[in-house]
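What follows is a single structure, written as C-alpha cells, with notes after it.
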Amino acid sequence: MFSPLENWLAARYLHIQTVIRKKKVYIAVTHTLGSLLPFVIIGSMLQAVSRSIFMQNGFFYSIYHIGEWLPAARSIGQVMNALSDITINFSLFLGAFLFAKYLARLYNLNDGIVGWVAMLAAMILQVNLLAGVSRINIGSSLTNNGGGVHNIFVGLLVGLAATQAYRGCAWIASHWQHAPATWQEETFVTRGLHAVFPVSVVLAVAVGLSLLISLTGQNGFAGLLLYSIALPRWAFSHAIVTIMLITLWNNVLNVVGLSGPLSPFSQLTVDSTQSSKNLTVALKTGSLNNLPYRVTFHTVYDVYGAMGGNGMTLALVVAIILLSRQPDRRKVGWWALFPTLMNFNDIALVGFPILFNPIYIVPYLLAPLVSMTVGWMPLHFGWVPPVVYNTFNTGPGFLTAFLGTNGNWAALLTSVLAFLAGLLVYVPFIRIDNLAWLQTLTGELPTQQQEEAKLSGEELIPARPHPAIKKTESY
C-alpha cells in the first residue's frame, strides 16, 4: 500500500514526465543515455577490477598481496585501464555523437553526418591547438581533459549546438545549392554534397572556439566550463554548514552531468593540511583523541557522505536491488553493485538513470546530507574518533571509517548507521518510482510514440510516391 503522500508525489512525478517527454531534447537525452549504457558498464567493470585488484594501492591488491604471487598484475591493470579509457573517458564524445544523431532524426536531418560532425566538434574543442597538433598532444587531450561520464553535459551541449548550427546552415544552403527535382534523383552522394557547407561551417567554428579556449590556458571546453563554476579556495572552510552546502552544490552539478569540487578519488586534496596535522598528532601521541581537526571534508564527507561515490550511490543501488519492481532497474542495479562498492558510480548515473531524472534528483541531493549528519554528530561530541590513517580509494565506503581509525568499532557502527540513513532516504522514492511505472503500464502516462518512433531507425521515409526505402542508421 502507498501512503497519501507517496500517491501525491507519484502524481506530480507523472505530470512532470508527461510534460518533459514531449520535448525533443529530453527524448534524445534518454535515448543517448541508453545507447551509452553498454560502454559505461564495460568501462566501469574494467576500472573497478583494474584499480581494486591489479593496482598497487587497490583494496584487494593490498589485502591479498596480489603483486607477490602475480608479477604481471600491474601490467594487466595498465592494459585494463587503457581499455577503460576507450569507453569511459570517451563518453563525452560518444554522447555528443549520439545526442546529435537522435536530435537530427527528430528534425529529419541526415543523422549520420550530424552525429559525426558533433563528435568531431567535441574533440576539437577539447584539444589545445596552441600546444601543437601532434599525435601525443591530441591523444592526451582527449583522454585526460574531463571526457568521462561525469562531464557528459559538455557532450550534450556540443551535440545540441552542432545540430542547431547544422540545421541552420542546411536551411541557408538549401536556398542556393542545387536540389534534386524528384526524389529518385536524390542519392547518398547528393546528400553528402549538400552537407559540405554546413559541416564546414560547424567545424570551422569549433576550430575558432578551440583557439580562443587555448588562450585561457584551460584544458579544453570542459575544463573552461568547470573552471567558470569552480568554487574559490577560501570557500572550503571546515564548518559543518559549509561542508553541507558544498556537498549540495557538488551533487547538483552531478545530476546535470558535470563534475563537482568533491570526489571520493580526491581524498585529502581539499583538506590536506588538516589531515596531515591530524596524522602527525596521532603518530606522536599514539592516540586518536584530542586531534586538532575532528571535522573536515575528509572526516565527514569522504567517510560518511560518499559511500559508493557522490550521492551515496551505494545506498541507491542496494535499495533498487531490494525494492524496485522494475526488471530493468534491478538488472542495472546488479551490474552496478561491484563497481559501486569500489566507488565507481558511472553505471548508476547512466543506467537508472540519475542524470536528468526528476525522480532521483531529490534523494541524490538529500541522502549525503542525512548520512553526513549521522556521522557528524558522534564526531562532534567525541563519541567516535575521526579518520586519520590513509585508506583505500577503491575500498567499500562503509569500511572507510573502520580502516581509517585503525579498527575502531564505534566508527564502523557509525558508518553502518550513516549508510542505513542514506538507504532510508532513497526508499520512498523507489516506491514512488514503482508506482509511476505501474501507472505507466496501465496507460496513464502518454508514451509519445510518434516522436520516439523516429529514434528507432525503423521508420519509413514519408511522402514518397514510389516504394519507400527504409531509413538506415547513417542516412
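Heads up, the Cβ atoms here are built off N, Cα and C, so glycines get one too.
It should be emphasised that the depicted structure is a prediction, and the values quoted were computed from it without experimental measurement.
Taken from TrEMBL, the feature domain 'PTS EIIC type-3' covers 9-429.
Feature annotation from TrEMBL assigns transmembrane segment to 25-46 (among others).
The transmembrane segment annotation in TrEMBL covers 88-107 (among others). Below 8 angstroms of C-beta separation, residues 24-25, 27-29, 31-32, 35-36, 39-40, 43-44, 47, 114-119, 121-123, 126, 142-144, 146-149, 151-152, 154-156, 158-160, 162-163, 166-167, 222, 346, 451, 454-455, 457 of the same chain, each at least six residues beyond the ends of the transmembrane segment (88-107), sit close to that stretch.
Proximity of distant same-chain residues to the transmembrane segment (113-131), defined by a Cβ-Cβ separation under 8 Å and at least 6 residues beyond the stretch ends, is recorded for 92-94, 96-101, 103-104, 137-138, 141-142, 145, 147, 154-155, 158-159, 161-163, 166, 191-192, 195, 198-199, 202-203, 205-207, 209-211, 213-215, 219-222. The transmembrane segment annotation in TrEMBL covers 113-131 (among others).
Outside the transmembrane segment (152-173), and at least 6 residues removed from its termini, the chain residues within Cβ reach (under 8 Å) are 25, 29, 32, 36, 91-100, 103-104, 107, 109, 113-114, 117-118, 121-122, 125, 146, 194-195, 197-199, 201-202, 205-206, 221-222, 225, 256-258, 350, 355. Sequence annotations record features per position, and here TrEMBL assigns transmembrane segment to 152-173 (among others).
Taken from TrEMBL, the feature transmembrane segment covers 193-212 (among others).
Here the transmembrane segment (224-249) has Cβ contacts under 8 Å with residues 146, 151, 154, 213, 216, 218, 258-262, 270-271, 274, 293, 295-297, 300-301, 305, 365, 368-369, 372, 376, 380 of the same chain, all six or more residues outside its ends. Under the heading transmembrane segment, TrEMBL lists 224-249 (among others).
The transmembrane segment annotation in TrEMBL covers 303-323 (among others).
Remote same-chain partners of the transmembrane segment (409-429), defined as residues 6 or more beyond its termini with a Cβ less than 8 Å from a stretch Cβ, comprise 6, 9, 303-305, 307, 312, 314-316, 318-319, 323, 359-360, 362-363, 366-368, 370-375, 378, 383-385, 387, 397-402. Taken from TrEMBL, the feature transmembrane segment covers 409-429 (among others).
Tertiary neighbourhood of the transmembrane segment (303-323): same-chain residues 247, 250-251, 254-255, 260, 262-264, 329-330, 332-334, 336-337, 340-341, 343-345, 348-349, 352, 354, 360, 363-365, 367-369, 371-372, 374-376, 387, 396-398, 400-401, 404, 414-415, 418-419, 422-423, 425-427, 430-431, 434, selected by CB-CB distance under 8 Å and a gap of 6+ residues from either end. Mean model confidence for the domain 'PTS EIIC type-3' (9-429) is a pLDDT of 84.
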